[in-house]
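Report on one structure; see the data block that follows.
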Amino acid sequence: MEKLIAGLLLLLVLALPARAQDAFTTALPGLAGGFSEAAAAVEQLGASADPRALPVLRAMAEGRLQKTPEGALRVPQGDGFVDPATGQPADAAGAETVRLNNRVRQALRGALGQLQIISPDAGERLAAAEGVFRSRSAANVPLLEAALAKETVPRIREQMELALAASQLVGTEAEGKRSAIARLGSAGTTEARALLIEARIANPDMATAIDVSLAAIEQTLAIRRAAETLFQGLSLGSVLLLAALGLAVTFGVMGVINMAHGEFVMLGAYATFMVQEACRGIPWLAPWSLPLAVPAAFLLAAAAGAILERGLIRHLYGRPLETLLMTFGVGMILQQAVRSIFGAQNREVTSPAWMQGTMMLPGGIAVTQNRMWIIVFGIAVLLLVIAAIRYTRFGLEMRAVVQNRRIAATMGIRTGRVDALTFAFGSGIAGMAGVALSQIDNVSPNLGTGYIIDSFMVVVFGGVGSLAGTLVGALTLGVVNKVLEPYAGAVLAKVFVLVAIMLFIQRRPRGLFALKGRAAES
Amino acid sequence: MSASLAAPAPAGAGRMTLRLVLIGAMLVLAMLPVLNRLPPDSALHVSDFIVSITGKWITYAILALAIDLAWGYAGILSLGHGAFFALGGYAIGMHLMRLIGPRGVYGHPTLPDFMVFLGYRELPWYWLGFEHFPFAILMAMAVPGLLAGVVGYLAFRSRITGVYLSIITQAMTYALMLAFFRNDMGFGGNNGFTDFKELLGMPLNTPSARSTLFYASLLLLLGSLWVCGRVTRSKLGRVLVAIRDAESRTRFLGYDVTQHKLFVFVLSAMIAGLAGALYVPQVGIINPGEFSPGNSIEAVIWVAVGGRGTLVGALLGAFSVNALKTWLTTVAPDLWLFALGGLFVAVTLFLPRGLIGLFQKERR
Amino acid sequence: MSATELAAGAPHPPRGQAVPDAVLYLDGVSVVFDGFRALNNLSLIVEAGELRAIIGPNGAGKTTMMDVITGKTRPTAGVVRFHDHDLTRLDEATIANLGIGRKFQKPTMFDALTVFENLELALKAPRGPFSCLRWVLDRTSRQKIESTMAEVGLTARAHDRAGVLSHGQRQWLEIGMLLMQDPELLLVDEPVAGMTDQETEHTAALLVRIAGARSVVVVEHDLEFVRALGSKVTVLCEGSMLSEGSIDHVQNDPRVIEVYLGR
């Protein structure tokens, strides 16, 4: 990318008619001199605002600038070299790299910033404005003012204004300082805060204005922190939502308590691992193994669920406590089986490139991509579940069986089949949750145990049998957990939440336990 | 819960046989430490291992009894009884830690090693009094009882029953486990308490200490059996069965269900706490792992295997499942979890009345 | 209760003021489930020693009315009093201990316990856990249980579990339990369903005998049985009182005829 820009710039330089004996030509040879001479030359070139200087200085900063024994400069260009003074290809026989020391490097940083800030490339200008903001020297004020006069991109203008304010703040002009203080107050960043705190010591006469600005920054930062906490909470909430949605179907709708639910989540995570391994050998497929794992995990967990329901659970309908114990045993067997097959150690599921990294939302709120995707995935699965229950034939039959089994049977609905499908559906959702969890947690045989209690809490808290309740419950628990964490630590936050749910149930036992299922009269 | 699950009271002759078998089993247990003192080459010699593991199982059996009282009779399936057991264990553990005194690694006169390590200046207030044995024993009952009282009151008052109650109690032990894992709780964090030296002036890990603890456990088992029997045979026992089978109907008869359930839940938690207090000196360690939800549910399966709703069933289950566990984890460790999981499935599907149910069927 | 509801009740006698001699006093009671009015401004007064029959088609609100009186369901609006006690604020157990006994439409008892034990649990005695733990069955109590068993014809089955009884026997056992409670007010929901004609007659006679010392409210479909009771009859329909009076009076009431036969 940078090379391309450099090349473009060079073309631009070549197109320009050479100006004889301008600042650029005068200062250029100095680069080949001693360290202090070179530093002076770099500063002059920076102040020249000449676009030709940029590729030269950049090459120098990157340690690519060559110097012939005669003292002529050579900039590497493609396979050959060019002479920066003429812009023509030139021979670089016997040339050696121009060496730098810290003094020169510092000068280079400032000069590059000065030059880049008038670069035709928007990205460069933005980066330069940020660089100038950090270097903050009163000398940059005229440069920034000139750049601002021409700048039209709002985002760059904003950054330039901040850089100008930072530069003015260390200057001597009182009027400039005042406007700088006001401008920095609206920036709302920790850097601006640091600058102001520094300036407060240096300028006791402006303490009041600085304090006002500092307060404004604190407020912005607090809002941003709150937004980031909210995001983390929503992200944890969607993890809980994913884990609890399957329960909302099997426990909430069918009234079957399945303690092996967490193990179905675990199966989903291992399905993700297996799909990833299968795709590893096929390069064009490998980045898409995660989306492929979603149906695979669903089917694997759904099949396990169907077998569990038909084979065991249906014999225990109407006996919820026995079902609880039996499914706990099934969970143990599943865990041990996976441990025997895959080993007890963690299996790694890598995130595809498009899910890695951090994303900046407006207002400077940083969010990690994979958490973002989990929120999206959680909402998608929720919509899928709602759609399946509301708009499909299967959903209709399921609701009919839940409301009145005997009448549903007399209408020709095969209730046994509906039971199996419903349970498989709920289990399959658990499998899909496993795909998401494989991205943020260790894929190990006891992956599910950490989520099962929380999931039940979500369903119980949100209201058994209500998908909207599950959504609200999951997001509330997620956010409350994350809000409490800075004060109480992750573990105590969890303990508080559990206690809070118990107390909440005191106030709303009926609302939360309005169970419409077979376990209603347990 | 369907009527067929409730075990009928054994008929007169059957009850007699049962009682004789029980007395016989207790006598055999009581003989074990004596046989341990025989010379090793004697045919009747019983190894140290057998004595210590049986002592441990006796405390498990008491825990099973406590669970059975709540579940088998009052229908309260607690998946958090391991927490009461562990709290009792921590209470006695605190006493044992105080008794170490200056013999710790850091040689501090009052502070246990982990506190010195964590930079404590003085004992936290809640450690005060634990240097006295009677206080520790009192706490081993009072703390689980209080916890059961608070949790039970909140849950029973809101008419949280069945699986909801089970989940709440599971969350309770889970929350306690998380809390006890923390160093700043002042309970030794991850490592818990260990390296105990003595109890009541007698050095632990000696044959005499082993047999004393063994007999103490056996006495507690007999005492708990008597208390549970007293409760279940009284009218209160019948009220509990009534609550178990038709809670709402019991209310319409004028019984305050919350009070009755709370009584049995608190009593059960206190028995479990005492069992934990005898368990810890025998195994020589207590750590937050004892709070893990898996432990509680494993104890529930002892009762299910033995046969809930009969006190003898709880004992039978605790001994047989633990014997199986000890044997299987030695010969085929990987198989144990399969076997335990299979036990959950088999008992709930095929043996709803447990092993005791088998005998009862034969007798009819 | 909101102010508007209070205002709406103004034409009735002042609320909360029990009518002299009234054991049970319901005024303006409404119960709304999800928009469905199970009871609609129902008022009812049962006097001391009165035997009252309540009839009405399915869904008239008979069982809901019993649920409201016994504390199972909280009314959306209205006054429910037993002597001076506001029943809308008390729980089931407290209400039962005040002296209101109930027999359910579907006979409900404790299947794992014997007939004798069921009656023992119902016997009027201190109900707390510690009292139950200390409870010893004395001679008077035993005689009471035995005479009740004789009354309801279950002496031979005293030590059989309730779960193995026939439907009719379960009806009798529950009536027996009601008698053991010795309540001041008995709410009896469909006592003769599943009984032979002879048993029905016996039950009617029993209820007539009980009333006098106590108040009895009987819900029943069987009009012959209601006639045998010879009591005042209240007809419920769609949650409200439709007609009240003697059995002949209500049977000739055109509105009652319309509800039962018309449409």
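Note that Cβ sites are derived from N, Cα and C of the backbone, with glycine treated the same way.
Among the features that TrEMBL reports, transmembrane segment is placed at B:20-38 (among others).
The transmembrane segment annotation in TrEMBL covers B:58-76 (among others).
Residues or ranges marked as transmembrane segment by TrEMBL: B:83-101 (among others). Cβ atoms under 8 Å from those of the transmembrane segment (B:83-101) belong to residues 63, 66, 109-110, 112-113, 127, 130-133, 135-137, 139-141, 143-144, 147-148, 169, 172-173, 176, 180, 187-188, 192-193, 195-199, 268-270, 272-281, 286, 288, 290-291, 295-296, 299 of the same chain, restricted to positions at least 6 beyond its ends.
If one looks beyond the transmembrane segment (B:133-156) by at least 6 residues along the same chain, the residues whose Cβ comes under 8 Å of a Cβ in the stretch are 80, 83-85, 87-89, 91-92, 94-95, 165, 168-169, 172, 199-200, 257-258, 261-262, 265-270, 272-274, 276-277. Here TrEMBL flags B:133-156 (among others) as transmembrane segment.
Annotation comment: TrEMBL describes B:163-181 (among others) as transmembrane segment. If you look at the transmembrane segment (B:163-181), the same-chain residues 6 or more away from its ends with a CB under 8 A from one of its CBs are 76-83, 86-87, 90, 147, 151, 155, 187, 189-190, 192, 288-289, 291-293, 296-297.
For B:212-229 (among others), the entry in TrEMBL reads transmembrane segment.
The list of residues near the transmembrane segment (B:262-280) in space but at least 6 beyond its ends in sequence, with Cβ under 8 angstroms from a Cβ of it, reads 56, 58-60, 62-63, 65-67, 69-70, 73-74, 76, 78, 81, 84-93, 96, 136-137, 140-145, 147-149, 152-153, 156, 193, 213, 216-217, 220, 224, 227-228, 231, 236, 240, 286, 290. Per TrEMBL, the feature transmembrane segment maps to B:262-280 (among others).
Feature annotation from TrEMBL assigns transmembrane segment to B:300-323 (among others).
Annotated transmembrane segment per TrEMBL: B:335-356 (among others), in sequence order. Outside the transmembrane segment (B:335-356), and at least 6 residues removed from its termini, the chain residues within Cβ reach (under 8 Å) are 4-5, 7, 298, 301, 303-310, 312-313, 316-317, 320-321, 324-325, 328-329.
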Response to the item:
Counting only residues at least 6 beyond its ends, the same-chain positions whose CB falls under 8 A of a CB in the transmembrane segment (B:58-76) are 1, 29, 82, 84-85, 161, 165, 214, 217-218, 220-221, 224-225, 228, 231-232, 237, 240-241, 243-245, 247, 260-261, 264-265, 267-269, 271-272, 274-276, 278-279, 282, 299-300, 302-303, 306, 308-311, 313-315, 317-319, 322
